[in-house]
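Below is one structure, written out as structure tokens; comments come after it.
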Amino acid sequence: MFDISSSNLLISVLVVLFAKQLINAVGKATLENIGWSAYCKVAPKLGDSKFIALDQKNVELAKVSKERKSISAQDQYARWTKLNRQFDKLTGEINKLKEETSASRSYISKYIGYMILVTTTLPIWFFRVWFRKAVLFYFPTGVLPHYLEWFLALPFITTGGVGLTIWMSAVNNVVSSVIFLVKFPFEKEVPFPSKEVGNEKTSINKEEVSGTPAAN
């Protein structure tokens, strides 16, 4: 049962760990926002009455807002006032519908959490337990020092082989480093401390040492 070749096991572990690190890099909160946005687009097509009403109200609000902006409050005050009341009413109804539909967001977040658990966490633990004694590959005798061969065989296999525990640790570190290198150029730059901030800190330090306010 669950008999799998070493090469397939290597690839399977690599895929699962890559998916895990990619999810960590993107962030669970980002995935939840993407899932919620997708659900908001699909829900009206699935017949969810609240989302259908929310879409209709948003269309009406956009129409009223456009019409209100196209007229002058001074020249057509009565019409502008009427449109303004409609705008306020629609805004209130939309906010109420958003509060009602927000309950669905917790379910979406829960399902996304389950998907992450099923696709990454559970497979990793399954591999660790079920294939803990599997030898993925062997090093030729004498290639590595004996103490290193012994370490790579930890904790369940014979000296000279590489087991799943060491392999998963190595792959996890490599994938994490690669993702970090890919993300790094796109990270926001940390601004240098301004000269004013530096002068302010210097003044504070002088006050602490001398006990008198520093001259500006």
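One is the number of the first residue shown, and numbering goes on along the chain from there.
Note: Cβ is positioned from N, Cα and C throughout, glycine not excepted.
As annotated by Swiss-Prot, coiled coil applies to 54-105, with the evidence given as sequence analysis.
The compositional bias 'Basic and acidic residues' annotation in Swiss-Prot covers 197-209.
Marked as region 'Disordered' by Swiss-Prot: 193-216.
What Swiss-Prot lists as topological domain 'Lumenal' is 1-9 (among others), and the listing cites sequence analysis.
According to Swiss-Prot, the topological domain 'Cytoplasmic' annotation covers 30-116 (among others), on the basis of sequence analysis. DSSP states for the topological domain 'Cytoplasmic' (30-116), grouped as helix (H, G, I), strand (E, B) and coil, give 74 helix, 0 strand, 13 coil.
In the topological domain 'Lumenal' (138-161), the DSSP tally of helix, strand and coil residues is 7 helix, 2 strand, 15 coil. The topological domain 'Lumenal' annotation in Swiss-Prot covers 138-161 (among others), and the record cites sequence analysis as its basis.
Per Swiss-Prot, topological domain 'Cytoplasmic' is recorded for 179-216 (among others).
The annotation transmembrane segment is assigned in Swiss-Prot to 10-29 (among others) on the grounds of sequence analysis. Within the same chain, residues 4, 112-113, 116, 119-121, 123-124, 127, 136, 164, 167-168, 171-172, 175-176, 179, 183 sit at least 6 positions outside the transmembrane segment (10-29) and bring their C-beta atoms closer than 8 Å to a C-beta of that stretch.
Here the transmembrane segment (117-137) has Cβ contacts under 8 Å with residues 2, 4, 6, 9-10, 12-13, 16-17, 19-20, 23, 155-158, 161-165, 167-168 of the same chain, all six or more residues outside its ends. Look at Swiss-Prot and you will find 117-137 (among others) tagged as transmembrane segment, backed by sequence analysis.
Residues or ranges marked as transmembrane segment by Swiss-Prot: 162-178 (among others).
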Positions whose Cβ lies under 8 angstroms from the topological domain 'Lumenal' (138-161), at least six residues beyond its ends: 132
